[in-house]
C-alpha cells in the first residue's frame, strides 16, 4: 500500500572518523519538550542543565538518566560537585529534570547525554560542556583533586617512570573505550586528540567476530518488514539467529541474506508476536537487540453500499478494511447491533472483508447501518418494502391416520404466480407418490399413502413474494416398546456402583408417545393419572439433583443414572401413551458396589519402632464377600500415605515395623471385595513409637547430714525421641529389699536430697530416668551410705576483684558477694574497722554458701576495712575487704599572683583541704578579662602547684581561678585570685638571642600498609601512620590512579594516622593501593595489596 517501514535504533559509539559527521538518526519520540543545551563555565563556577517532559499522556513518571560520554552513568557520582533534581508542576503537568554541576573542574568538560524512557517510548539528547580558565599553576580545585600537584611532580619523576604511548593505545582500542582511556591517563582534550588521530594513517587490524553489531533496539509498524544487519570480521564464522532464546529457522516469515561480510535477517509481515528480544551468535560472541512492533490504525478500504429489498429477503452488507483480523463495530441508527446467539443479525469475517447478514428481512430492518474501525467509518441505508398478495383460500391443518391419503389445497390471487411446496423447510419434488397441481388460482398437493415422514409443517410460497401459506399435517400411530432387541437376560441390567448407566429402550409411535418411568408402583415425578402430553422431547427427573433423568426421542427412550448408587436397585416400569393408544414394559436394574470403609483401627500397643493394630470388618460388604485388607500409614505432619502390604491380609490384625522413634504416625485400613477397594477408614488416633532411656550415669553422694542424704548424677547417655520427663529417686535400708520412693513427683534436676532419715542407719540409693515410654533401668550406689553428718572446716573464697581496694563513687550501689565453704552451716560475722556493722547503714545477708554485703546508696562514711569471719565449731577463717567511696574534691585553698612581667603572670596555690577521698590528679586553670569576666581555660590536667600564664594581652587586667580534679572529676567550685594582674607595656630590653630548633622533617611512614584480604559486601579499612613537619598532604591511589570524589571511599587523617575506608567492596575493588604523603621537604609512599573474596554463605 505504499507504506514505509519505520525503524529506529541506538548506536553504541562512533569511530574517530565519524566524529565530525552529523548523525542522521530518525526522531525517537517527542517525550522531551525542552532539551538540555550546551554550555560554558569557568573553573570553580556552577552551571545547570534542564530537561522537561510533558506528562499529559503519561500514566506515571518517566525514567531519566544522565550520562557523560557513552558509558558513565552520573547517578552514582552525585555528591558535593554534582546534584540531580526532579520537580513536577501540577498545573502545566510538566516534569522538570535538572543536573547541577557545582565548582566545576577542568576534567568535567566533555560530551553529556540525557536519556528519557517511558514504557516503549524513548528519547535522548546530547550536549557539550566547556570548562575555561584552567592553568598549570592553578590551586587545588577540591578536597580530593590532586591532579595539579601530580602534574607538577611528573617532571621530577619523568626519568623513573616508563613512558606510555597513548597514541598506540587509542589506535588499538574500540571507540566506546576512548573516554575511559582518557580518564585513566589524565587526557582532558579528548576531542582534539581524536581529530589528530583521525589524520594519522590507519593500520588495518584484525577485528573480532563482529565488525558491526546489532543496534540496541528497532521499531517497525505492524504488517511491515524489518532488516536486522550485522557485519562479520570473518565471513567463514558460523552464524545463528535467536528469538527469545529459541533458534530461528529460514521460512517465508524469516529470510536470511548474505551480502559480502554482511549477514541480514528479514522479518516479513511483522505482527505482535514478533515483538521480542533477538540475538545473533557468531562463534563465541553474541550480540542482542529488541524489536518493537507498532500497531497501525485500521482504515476502511471499501465502504458499505445502500440496499433496497422486500420482506423475507436476505440482506448482506459488505465492507473491506486495511488489515486482517481487525476489530470493527456494527451500528444501526447510531446504536450497536446485537450479535448474540439469539440475535437475527449475523456477523462474519473473511480476511479483510467484514459482513453483516440479515437472513429474513423485515420492515423493522429499514435504517442507516454503519461500520466503525479504529481508522474510519462507513455507512449505508437499507430499505425493505412489502408486496401485495391476496389469499382466497388458505391451507388447512389435517390429522391423518398412518397409510391414508393427504390432500392440501389453497387459492391465491394473482393466479398466474407459480409457487413451491415445503415440508419442514425442505422443498418437495413431484414423484410417483407425490403429485403437485397448479390450475389458475388453485394450487394442490396430493400424497397417495401417508407415512410417518409425511408429518410436519407444510408451506406454500408464491414465487417472488415474501408471504407464504402454511398448514400442519399430523400423522398418528399407536405406541410400542421393543425390548427384544436389547438381549438382556430376564430383562435385568447389572451395573457397578459409581459408574454411569445409560439404558436406551427402542420405541415407536406417532405422535411421539409420552414416556413415564416408574420404580416399583410410584410414578416419578408424575401423578398416577396419565394425561395427553405434547408431541415433543420430554425429560423427566426421577429424583432431585438431576442425578437420574429420562430422555425421550422419536425412536427410543433412555434412562440415565449419572452416578449409580446401591439404592438404585429395583424394577423400573416404562409407560408409553399417545393419541393412538398406550404400551408398557418392565426392566430390572441391579447395582453392585465396593464395601464400606472399616471403622478407624485401634493401636493398643506401641514399641520403639513398631506397633500392633486391630480393626473390625466393614458393616456392608457391597454384595460381595470381603477378600482381604490393605494397610497404610503416614507421618502425622505429612499428607503422603504409604502402603504396608501388597498381598491382602486375611485377618483383622497387623503389626507395622520399621518406624522412626519419636515421630507421630497414623494408620488406616482399606477393605477389598470382587468389585474393588473400599474408601479408606478414618485414621487411627496418632501414636508415637517411643523407647525408654538408658540408666542415669555417675551417681555419687554429694552431702550427708544426720537426717538427710544428698546425691547427684548425670543424665543418661541415650535419651531417645521421647525425651526425658524427670528422675525418680528410691532408697532402702541396708539388708532389706523394700525400696521407698523419696520424691512423689518427678524431679528435673540431677541433684536431690533425701530427707526424714534416721541418724546412724545405712541406706542404699538408686535413680531411674522416666519419660513417656516409662522408667529406665535403675542406677544404684555400689556401697551403703551411713547417715551421719561430716564436719568440713570453713574456707572463704574471696573473688579476685575484691582482693584489692574496691572503689565506688558517692551515690552508687555496692553489692558484694563473698562465697565460702564449710559444714555444717557456718556462722558468719562482719566488722568494720573492728566495730560491728550497723544494720541501718549496711545490709548483710548470709546463706549456706555465701554472704552478701549491700549498700543501696554509698556515702564516704562507708569507706573502710570490712572484716569477715566464718566459723564452724572450733574452725575459723577470716578475710578483709577494703572499700573506698570517693567524691568530687574541694577547690584549692589559696591562689596567689606571685609575679607579673611582660605578658606573663606567675601563679601559686595550695592543694585543696578535701581531696574527695581520692588522690588529686590535676588542676584546671582559667583566666578572665576584668572588663567582660568571661572565663577561658588556659590549661587542663596540670599536676604542679605553680604555673606561668603567657601570651596575655598588654593593657588588659586579668583574674584567675583554679579547679582541682580527681578520679571523679573537677571540683564543683573554683578558687579565684583576690587581686587582678594588669599587663603593662614595658621598655625594650635586649635579650639574649637563641636559635630555635628546626622541627621540620620530610614525610616518613612509621607504620606501613599491610596486605589485606577482604570479604565482598563488608566494609574494610587500610591504615598507616606518617610523621612530617609541616603537616603533609595525603593522597590515596588505586593502581597508581588517584582516588578523587568517589563515594565508595572515605579518607581520614588524625594525629598522623591515615585511614582509607572502602565501603562494601567487590572483587573489582581489589588491586594495589598506595598512600603518598607530600610536604615542602619531600614525599614518601607505602603500598599494599588488597584481595576481595566472594562473600560466603547463601
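Think of each number as a place in line: the chain as shown, counted from 1.
Positions of Cβ are set from backbone N, Cα and C atoms, glycine also.
Automated prediction, rather than curation, is the source of TrEMBL annotations.
Values in this document were obtained by computation on a predicted structure and should not be read as measured data.
According to TrEMBL, the region 'Disordered' annotation covers 1-25.
Marked as domain 'Ig-like' by TrEMBL: 26-130 (among others).
Mapped onto DSSP helix, strand and coil, the domain 'Ig-like' (297-383) counts 3 helix, 47 strand, 37 coil. Among the features that TrEMBL reports, domain 'Ig-like' is placed at 297-383 (among others).
In the domain 'Ig-like' (388-470), the DSSP tally of helix, strand and coil residues is 3 helix, 44 strand, 36 coil. Summarising the annotation, TrEMBL assigns domain 'Ig-like' to 388-470 (among others).
As annotated by TrEMBL, domain 'Ig-like' applies to 479-590 (among others). Averaged over the domain 'Ig-like' (479-590), the predicted model reaches a pLDDT of 75.
According to TrEMBL, the domain 'Fibronectin type-III' annotation covers 597-691 (among others).
Annotation comment: TrEMBL describes 695-790 (among others) as domain 'Fibronectin type-III'.
Per TrEMBL, the feature domain 'Ig-like' maps to 794-879 (among others).
Residues annotated as domain 'Fibronectin type-III' in TrEMBL: 891-987 (among others).
Residues annotated as domain 'Ig-like' in TrEMBL: 1003-1087 (among others). Taken residue by residue, the domain 'Ig-like' (1003-1087) breaks down under DSSP into 3 helix, 54 strand, 28 coil.
Mapped onto DSSP helix, strand and coil, the domain 'Fibronectin type-III' (597-691) counts 0 helix, 32 strand, 63 coil.
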